[in-house]
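Going by TrEMBL, these are the annotated features:
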- ASP66: active site, for OMPdecase activity (ACT_SITE)
- LYS68: active site, for OMPdecase activity (ACT_SITE)
- ASP71: active site, for OMPdecase activity (ACT_SITE)
- ASP8, LYS39, THR125, ARG184, GLN195, GLY215, ARG216: substrate binding site (BINDING)
- 2-231: domain 'Orotidine 5'-phosphate decarboxylase' (DOMAIN)
Amino acid sequence: MKLCVALDMPSKEDNIILVDDITTACKNLNISTKDIWLKIGLRSYIRDGRELLYALQDKSYRIFLDLKLYDIPNTMLDSIVECEKLDIDMLTIHASCGFKAMQAIANLLQEKESNMLIMAVSVLTSFDSNGFREVYSIEIKECVKNLAILTHKSGLSGLVCAIDEVSIIKNISPSLLTVTPGIRLESTTNPSDDQQRVATLQDAKMACSDFVVIGRPIYRANNRIYTLESILQKIYKDQ
Ligand code: C5P
C-alpha cells in the first residue's frame, strides 16, 4: 500500500511547506520520497497549474494529478494527450464517461508506451446511499461493480473507490488497482467533514487497497510531522 497526500492547501507556498514536512517525516523514518504520491487536485491545479507540477517534480516524489476528467470521448482523448506531456505518474477520470472513452484512452497510452496510470473514479466517497440513489436511482455497490467491469474491459489501470468497495473490484480482477480516499485516523477527533464512506488505515490495509489518499487528517493536524510519521510507520514499516 502507498500513501497519496492531498495537496489541497489555500496557497502554493502552503503546499510547498506541507511537502517539506513530508520530506522531513520521510527522512526521519528512512523512507524514500519516490514511494510517496503527491496528489494535486482541482483547487491547487486551477490556481498554480504547471508551475506547481514542475516545482514538485524537482523534489523526486510521484505526481498524481486528480482532475477527475469527464467529457465526450473525443474531448477526453485530446485532454489525455495533453496530460501525457506533463510527465505525471497518475491521473483520474470518471469511469461514468463510459467504455468507449476509457478504451480509447487505454489504447492511446499503449500506443505511446506511456507508464502514466489512469484511475477511473467509481462513486465519490462523499456520497451516502440516499444521496447517490437520489441522483442515479441505483445502489452504490451495484454501480461500482458495473463501472469496475467496464474499466477492466477497457484496459485502464484501476478505480478510485471507498474501502468497502475494494473487494468488489478485486473480485472482478486482482490486477485492477484501487485508490481509496475517505481515510480517517483512529486517534483523530476531527469530524469526517464531507466524506460519508470513511475508513481507517487498518481497514485499508486489511482490504488490500493499493493507494490511500489522505488530506485533512494530515494538513489540519496539530502536530503535522508526528501525524505524518505515525501514518508512514503504519503504511511502510508495520507488517
Ligand atoms: O481531506 P480528505 O482526506 O478527505 O481528502 C480527500 C481527497 O481525495 C480530496 O483531495 C478529494 O478531492 C479526493 N477524492 C475524494 N473522493 C474521491 C476522489 C478523490 O475524496 N472519490
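Cβ from N, Cα, C; glycine included.
Where TrEMBL records a feature, it is marked here on the structure.
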| residue | record | DSSP class |
| --- | --- | --- |
| ASP8 | substrate binding site | coil |
| LYS39 | substrate binding site | strand |
| ASP66 | active site, for OMPdecase activity | strand |
| ASP71 | active site, for OMPdecase activity | coil |
| THR125 | substrate binding site | coil |
| ARG184 | substrate binding site | coil |
| GLN195 | substrate binding site | coil |
| GLY215 | substrate binding site | coil |
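Looking only at the recorded positions LYS39, LYS68, ARG184, ARG216, the densest Cβ neighbourhood within 10 Å occurs at LYS39. Cβ environment of GLN195 (substrate binding site): THR125, SER126, PRO181, GLY182, ARG184 lie under 8 Å away, each six or more residues apart in the same chain.
Not one of the recorded positions LYS68, ASP71, ARG184 places a Cβ under 6 Å from an atom of ligand 1.
Between the CA atoms of ASP71 (active site, for OMPdecase activity) and GLY215 (substrate binding site) there is a gap of 27 Å, rounded to the nearest whole number. The maximum pairwise C-alpha distance among ASP8, LYS39, THR125, ARG184, GLN195, GLY215, ARG216, the residues recorded as binding substrate, is 17 Å. Considering only the binding-site residues ASP8, LYS39, GLY215, ARG216, the residues lying within 10 A of ASP66 (active site, for OMPdecase activity) on a C-alpha to C-alpha basis are LYS39.
When other Cβ atoms within 10 Å of the Cβ of ASP71 (active site, for OMPdecase activity) are tallied across all protein chains shown, the result is 14.
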